[in-house]
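Engineer: Here you go, one structure.
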């Protein structure tokens, strides 16, 4: 009588056509390791000097493969260089020289002597108008681009979906820049556009024109000038701190030492902003603002110009 051997795992494996093997270590190289699809192929040899190739970051026009944000940020940065040059000349003529001479009449001669260099063609468009438009325009375009990128990231396709996407956060420096745009526009209109519109020239517009406005309309003039100077000083100093990578938010060091460095930068930047504001207003308000009225027909011409200022002109009659 035949005796059946009880089934064991080993015999069951043979019965199914399978064979049990000992586990192999994980460090063993699989068969596919010999194929190029498993491991990356070794780097190809560098090209011969006789056969130059384009760099991976270069394009046909030499602009690189950077996105629009890269170029918009640089337009915003480099346009501020030209406008800073103009601002340095303007502050020197309207504040520093009056502070040194302590006389509006004596300072006016310096202003009228140097003003043609930056109020003539093509210097005025190149260092004043074009940089200002480029600076403001690139900032607005950068915000629009970043919001569109956020909308694409969240899959917002319809107009209703886009309304749900938040706009990029406005920094303190950007908020000051938006306010400064209107203040500089108003300042340019009163001192440059209005005389050109009414008289065809701004050759008679100098520091006496400003001092006459302070004497006849002290509240409006002092409030407007102080706001313009304060906003411009804080925006410029904080903006340059960003370009020089000295902004507190650009501190990469962590821990207590990093927090201390951020506080030091914050106090330093605000201290420089306050110093620029005080120095600017010392000559603008302390000397030019106290120069008094201008008499005769010139004073009447100045009064007529101030009355033509939109919105506030009827208050100045």
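Glycine is no exception: its Cβ is also placed from the backbone N, Cα and C atoms.
So TrEMBL lists the following for this protein:
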{"type": "COMPBIAS", "residues": "1-13", "note": "compositional bias 'Basic and acidic residues'"}
{"type": "COMPBIAS", "residues": "40-50", "note": "compositional bias 'Pro residues'"}
{"type": "DOMAIN", "residues": "183-293", "note": "domain 'Mitochondrial adapter protein MCP1 transmembrane'"}
{"type": "REGION", "residues": "1-55", "note": "region 'Disordered'"}
{"type": "TRANSMEM", "residues": "81-101", "note": "transmembrane segment"}
{"type": "TRANSMEM", "residues": "121-145", "note": "transmembrane segment"}
{"type": "TRANSMEM", "residues": "166-190", "note": "transmembrane segment"}
{"type": "TRANSMEM", "residues": "219-241", "note": "transmembrane segment"}
{"type": "TRANSMEM", "residues": "267-288", "note": "transmembrane segment"}
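What does the local environment look like for each feature on the list?
Structural biologist: Outside the transmembrane segment (81-101) by six or more residues, the chain places 107, 110-111, 114-115, 117-118, 126-128, 130-132, 135, 207, 210, 232, 236, 240, 279-284, 286-288 with a CB less than 8 A from a CB of the stretch.
For the transmembrane segment (219-241), same-chain residues at least 6 beyond its ends with a Cβ under 8 Å from one of its own Cβ atoms are 80, 84, 87, 172-173, 176-177, 179-180, 183-184, 186-187, 210, 213, 247, 265, 269-270, 272-274, 276-277, 280-281, 284-285, 289, 312, 315-316.
Sequence-distant contacts of the transmembrane segment (267-288) (same chain, at least 6 residues past either end, Cβ-Cβ under 8 Å): 91, 94-99, 101-104, 107, 207, 210-211, 214, 222, 225-226, 229-230, 233-234, 236-238, 241, 246-248.
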Engineer: With helix taken as DSSP H, G or I, strand as E or B and everything else coil, how many residues of the domain 'Mitochondrial adapter protein MCP1 transmembrane' (183-293) land in each class?
Structural biologist: 89 helix, 0 strand, 22 coil
